[in-house]
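Per Swiss-Prot, the features are:
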DOMAIN    1-141  domain 'Globin'
MOD_RES   SER3  phosphoserine
MOD_RES   LYS7  N6-succinyllysine
MOD_RES   THR8  phosphothreonine
MOD_RES   LYS11  N6-succinyllysine
MOD_RES   LYS16  N6-acetyllysine
MOD_RES   TYR24  phosphotyrosine
MOD_RES   LYS40  N6-succinyllysine
BINDING   HIS58  O2 binding site
BINDING   HIS87  heme b binding site
MOD_RES   THR108  phosphothreonine
MOD_RES   SER124  phosphoserine
MOD_RES   THR134  phosphothreonine
MOD_RES   THR137  phosphothreonine
MOD_RES   SER138  phosphoserine
Amino acid sequence: VLSPADKTNLKAAWHKLGGHGGEYGAEALERMFATFPTTKTYFPHFDLSHGSAQVQGHGEKVADALLHAVGNLDDLPGALSALSDLHAHKLRVDPVNFKLLSHCLLVTLAAHHPAEFTPAVHASLDKFLATVSTVLTSKYR
């Protein structure tokens, strides 16, 4: 459960991303593809080369979904229900991949905002991404 301090940290962290969410989302995807090559199997129709328009576009989708989640911290299951259905029933993404992408997002955010990436912010972001992952995999059961 996200505490009031976590919610404050998350909103502040997302505010600092400014217009870079899509850029960071794409960078996190590229990190994931490089570090965990098996994740590429879910994107057979994508050009997965550095800076590809398809990876950039999907990075934007990831960032938009997380921004939507941050705006609905008190109802993450409701806010992410359609996305959970999509990943569980249509795309059939292995749930472990959400954890892998979450890790790559944390690394990307820490690399770009080291001063703001305090232990408290890190813990709040980690808890948030774990909660989002849990919600996204809830329809698998």
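Quick reminder: no glycine exception, Cβ is built from N, Cα and C everywhere.
Taken residue by residue with DSSP, SER3 (phosphoserine) is part of neither helix nor strand, so it is coil. Candidates LYS7, HIS58, THR137 (recorded positions) were compared with SER124 (phosphoserine); those inside 10 Å Cα-Cα are LYS7. Cβ contacts within 10 Å of SER138 (phosphoserine), excluding its own Cβ and spanning all protein chains shown: 16. As a whole-number mean, the pLDDT of the domain 'Globin' (1-141) in this prediction is 94.
Between the recorded positions LYS11, LYS16, LYS40, HIS58, HIS58 has the most other Cβ atoms inside 10 Å of its own Cβ, all protein chains included. By neighbour count, meaning other C-beta atoms within 10 Å, the densest spot among the modified residues SER3, THR137 is THR137.
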